[in-house]
Amino acid sequence: MNSNKSRGSSVERYIVSRLRDKGFAVIRAPASGSKRKDHVPDIIALKSGVIILIEVKSRKNGQKIYIEKEQAEGIREFAKRSGGELFLGVKLPKMLRFIKFDMLRQTEGGNYAIDLETVEKGMELEDLVRYVESKISRTLDSFL
């Protein structure tokens, strides 16, 4: 496994572990480098009926992050079919941020990109957890 895939897998396992610790049901579904033809996000997490999908990218520096058109459209379709909300998880040195996938812009070539400035404005893991928890519907009975 090359260092980029190894680093990405390590970040994915870290996110899965942290979300599990926060009460999520989580699976890691890495497809990078596999013979899978369908595109699925790296992480699928559920909590009380709320579904989040996370595509993870890891970089050593602040370069732009690109996602190929076919992959981006495939995981967007997966999100649509599942009813989940799609995020890009970006790991940079000393920073892990989550950005709504809709924040990516499409390039002239049809691929998708996000710059460091937008990544820096993303949510930290705790913010993502609070975001999901704010979407959990609670009935009056749950307070009794």
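Heads up, the Cβ atoms here are built off N, Cα and C, so glycines get one too.
For Ser32, the entry in Swiss-Prot reads active site, with the evidence type sequence analysis.
For Glu12 (Mg(2+) binding site), applying a Cβ distance below 8 Å and a minimum sequence separation of six or more within one chain yields Arg28, Pro30, Asp42, Ile43, Val56. In the three-state DSSP scheme, Glu12 (Mg(2+) binding site) is classed as helix. Taken from Swiss-Prot, the feature Mg(2+) binding site applies to Glu12, Asp42, Glu55.
The site 'Transition state stabilizer' annotation in Swiss-Prot covers Lys57, and the record cites sequence analysis as its basis. Under the DSSP three-state reduction, Lys57 (site 'Transition state stabilizer') is assigned to strand.
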